[in-house]
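Asker: Please read through the structure below; I'll follow up with questions.
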Amino acid sequence: MNSGIDLQGTFIESLRDLGIPAGTAKAIWMPLPMILMLIGATVGVLVATWLERKISASAQQRIGPEYQGPFGLLVPVADGLKLVFKEDIVPAKSDPWLFTLGPIIVVIPVFLSFLIVPFGQNIVISNVGMGVFLWIALSSIQPIGLLMAGYASNNKYSLLGGLRAAAQSISYEIPLALAVLAIAMMSNSLSTVDIVNQQSGYGILGWNIWRQPIGFLIFWIAALAECERLPFDLPEAEEEIVAGYQTEYSGMKFGLFYLGSYVNLILSSLLVAILYLGGWDFPIPLNLIAGWLGVSELNPVFQIITASLGITMTVFKAYLLVFVAILLRWTVPRVRIDQLLDLGWKFLLPVGLVNLLLTAALKLAFPFAFGG
């Protein structure tokens, strides 16, 4: 198996070769992953918002952004600058502390969740042993911020939006966790790196989507609900409750909610790609590609090329799912709140439990095919 590139080890060794002590080299490395994570997530949001505008324009037979830079690529930057310079209004009868903390509590857990996302064998900020459940734990903090924002606004529509967000998150976190548990059962690990490694070696046929089709659908539906994307955007339904918990917000506080929403969408798409679509794994096994090219899998140049293409493969799979999510937003009608809760509690939860039991039975009956 291609072991990939040890990014941290290579960086520290390079600094030590320059005469920098090991302790200093490690201290220099420590903030770099967080900085790279912030830059990567921000660029990802810019791309996702541009895609949103272009795909929505295509669905409505419009051209979409085209004047701000080539193909309108600078529109997300212009939107961000507009929000930065807008006045930050705090309602007179609101709770200013909770009103300010709400959007911050929403955004921080989403960015922290990128710590466990691997883009390659050793290209991961923190290979935590319980990485997937760390993400679920962090995502459960978000509804607190949304409820806080809705309550602090002193607005009935904001409060309704916050309550809807909390109810929706609780309803779909359990099916999401059950789908993840089935994957962990097959992989014998909760580490995202181990889960991808368990899928590698057989190309597209080894991906978990074939062994867990029901789990894939549960995870994808629950992830869309957690991201509050149509048809599950009940907490901010314009026709019913103006803008939900965002009603009284303006300026960058308003922008933080949208930033959190898009970063969450990208994060969820990355995790679907990692858990079910092989992550950085190629559709064709690497040993076959190396054989066709007449090179060894251990060749350093081949490893660098495959590691680089592996990052591209992970991002491509994720943005393919982002495209599907955006397309769903502009083609599927919104469900009612009772339908939303019924889907979570009365359908996805029992189906997730049955899927988990079925996975356990198949793992016992066919250990080689289901993780050993």
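All residue numbers here begin at 1 and follow the chain in the order shown.
Cβ atoms are placed via backbone N, Cα and C, with glycine included.
Taken from Swiss-Prot, the feature transmembrane segment applies to 27-47, 97-117, 128-148, 166-186, 204-224, 249-269, 308-328, 351-371, supported by sequence analysis.
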Asker: Who are the chain neighbours of the transmembrane segment (27-47) in space, where the CB to CB distance is under 8 Å and they lie at least 6 residues beyond its ends?
Answerer: 8, 11-12, 15, 20, 76-77, 80, 111, 114-115, 125-126, 259, 262-263, 266, 319
Asker: For the transmembrane segment (97-117), give me same-chain residues lying six or more residues beyond its boundaries with a C-beta closer than 8 angstroms to one of its C-beta atoms, as numbers and ranges.
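Answerer: Apart from its flanks, the transmembrane segment (97-117) reaches 33, 37-38, 40-41, 90-91, 124-128, 131-132, 134-135, 138-139, 141-142, 144-146, 148-153, 192, 245, 248-249, 253-254, 256-257, 259-260, 263-264, 267, 270-271, 274.
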Asker: What residues in the same chain, six or more past the boundaries of the transmembrane segment (166-186), come closer than 8 Å to it by Cβ-Cβ distance?
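Answerer: Answer is 132-133, 136, 139-140, 142-143, 146-147, 195, 198, 208, 211-212, 215-216, 218-219, 221-223, 225-226, 228, 232, 234-235, 275-276, 337, 340-341, 344-345, 348-349, 351-353, 355-356, 359-360, 363, 370-371.
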